[in-house]
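Going by TrEMBL, these are the annotated features:
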type	residues	note
REGION	1-23	region 'Disordered'
TRANSMEM	31-49	transmembrane segment
TRANSMEM	70-90	transmembrane segment
TRANSMEM	102-124	transmembrane segment
TRANSMEM	156-178	transmembrane segment
TRANSMEM	198-217	transmembrane segment
TRANSMEM	229-247	transmembrane segment
TRANSMEM	313-334	transmembrane segment
TRANSMEM	346-369	transmembrane segment
TRANSMEM	375-397	transmembrane segment
TRANSMEM	418-435	transmembrane segment
TRANSMEM	441-457	transmembrane segment
Amino acid sequence: MRTGDTHPPNSTKKISSSAGKKKKRTETMEAFYLMVFGALASLVAALELSKTSKDRINTSSAFSSFKNNYLVVYSLMMAGDWLQGPYVYYLYSQYGFGKGEIGQLFIAGFGSSMLFGTIVGSLADKKGRKRACVTYCITYILSCITKHSPQYKVLMLGRVLGGVATSLLFSAFESWLIAEHNKRGFDQQWLSITFSKAIFLGNGLMAILSGLFGNVLVDNLQLGPVAPFDAASCFLAIGMIIILLSWTENYGDPSESKDLLTQFRGAAAAIASDEKITLLGAIQSLFEGSMYTFVFLWTPALSPNDEDIPHGFIFATFMLSSMLGSSIASRLLAHPSPKVESYMQIVFMISSASLLLPVVTNFLVAPSAVKVGSISFSGCIQLIGFCTFEACVGIFWPSIMKMRSQYIPEEARSTIMNFFRIPLNIFVCIALYNVKALPMTVMFGMCSIFLFVASMLQRRLMVIAEIHKSRSQNWTAMKEMDSEADPLNG
């Protein structure tokens with residue numbers, strides 16, 4: 001027997017004991033995942049089932065039909081988007097591209113959204129929001145088709161098309177909904193119902209189902225990493241047919257005398273002249289920039305030593321947290337108090353504290369350089385914090401939609417909404433480009449600071465809105481007094 005093959009006494013027992021401890025630790029961590037998921041599922045179910053008439057807004061059957069039609073379309077659109085997300089990076093790596101080339105492809109998508117977003121937004125206001133929604137479906141389907149090619153240039157074209165489609169997804173559909181809602185004479189408060197349900201279904205339930213469906217296509221049926229993109233194309237095509245058959249057209253400013261440059265100037269002037277719109281745009285960019293940065297950071301944060309963590313299950317847990325947030329938002333929006341401008345300050349503060357956890361745990365919990373079987377203790381703490389952040393994301397979406405419906409002028413809604421996305425896309429591109437250069441604690445610290453600033457800006461927005469409302473009420477009262485004092489009146 002060679003010397004290298006010999007083992008110290010009791011070494012076999014030690015190895016066996018170590019393996020047993022590792023297995024036990026892994027089983028404990030798996031129980032932790034299930035416990036978090038089960039707790040979130042119970043909370044969501046309890047919130048939804050415990051809603052009373054006070055938590056619901058009485059509406060009409062016509063509105064219910066309109067809302068359900070929109071929710072079906074929006075859910076299909078989001079399914080088409082969610083099916084692609086988990087497999088984009090994996091597909092590129094399967095084609096043999098390295099991290100640098102994949103990073104360039106991702107930057108191209110965000111850059112495309114930044115460069116072309118304002119153009120397609122203005123065209124949506126001018127040429128019609130329904131037409132823009134159909135364009136989204138066609139553009140995203142073409143982007144999915146490019147995934148069949150391993151050619152870098154074709155994939156780059158797909159990323160550019162995907163960036164254009166993303167701009168339309170986050171502007172044209174909301175703009176169409178608000179304009180059509182007002183055109184049909186529905187109560188303004190009823191918009192919050194559609195917003196909260198759209199986030200609950202589209203950003204929560206559809207994300208979970210899409211992740212599971214994509215997993216079945218790729219792993220169980222072994223159809224390859226392109227299969228989710230083909231499935232996404234089918235959902236987008238179905239949604240497009242429903243839009244063509246059941247939606248009517250609406251416009252922002254259909255004036256033929258205005259070119260795109262004039263529309264840009266008008267939108268920029270509206271943002272510059274109204275502090276409420278400026279604040280809303282800054283708040284949105286700060287929050288969404290932090291949110292997209294979090295998307296890139298949560299995996300290395302939870303597995304710094306390449307721990308074996310269930311990415312799909314954690315993603316589903318995050319989406320369940322988002323559903324919890326949208327369920328909370330639906331209750332908050334159903335009541336006149338607290339107002340959305342007020343409670344969002346608290347939401348941003350909680351978000352800031354949640355993303356500060358990785359920085360805090362890095363100092364308080366000694367990092368281990370040894371790879372373990374599953375998530376570490378600090379990872380468990382961070383996972384709870386990340387779920388809290390995702391719940392805040394679930395509250396953010398319907399709430400920001402509500403504020404946008406109140407403050408952004410109808411004639412340039414899509415244009416202004418895409419103007420808001422310019423600083424967001426710049427921030428994400430910079431973060432992507434420097435993701436290796438900056439430590440994770442610095443990145444999370446930056447996001448936490450941005451969210452704290454968003455909370456301060458939200459407070460300023462609330463103060464400005466209250467002053468504006470008070471002035472409007474005083475002006476109305478003065479006009480009524482003048483009318484009553486006028487002897488020629490009546």
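Using the three backbone atoms N, Cα and C, a Cβ is placed for every residue, glycine included.
Between the transmembrane segment (70-90) and the transmembrane segment (375-397), the number of CB pairs under 8 angstroms, six or more residues apart, is fewer than three, so the stretches are not in contact. In this chain, the transmembrane segment (156-178) lies close to the transmembrane segment (102-124): three or more C-beta pairs between them fall below 8 angstroms, excluding pairs fewer than 6 positions apart. Taking residue pairs at least 6 apart in sequence, the transmembrane segment (31-49) and the transmembrane segment (375-397) share three or more C-beta contacts under 8 angstroms. Contact count against the transmembrane segment (102-124) (Cβ pairs under 8 Å) is highest for 418-435, out of 229-247, 313-334, 418-435. Here the transmembrane segment (418-435) has long-range neighbours at 103, 106-107, 110-111, 113-114, 117-118, 120-122, 167, 170-171, 267-268, 271, 280-282, 284-285, 288-289, 292-293, 296, 443, meaning same-chain residues at least 6 beyond its ends whose C-beta is under 8 angstroms from one of its own.
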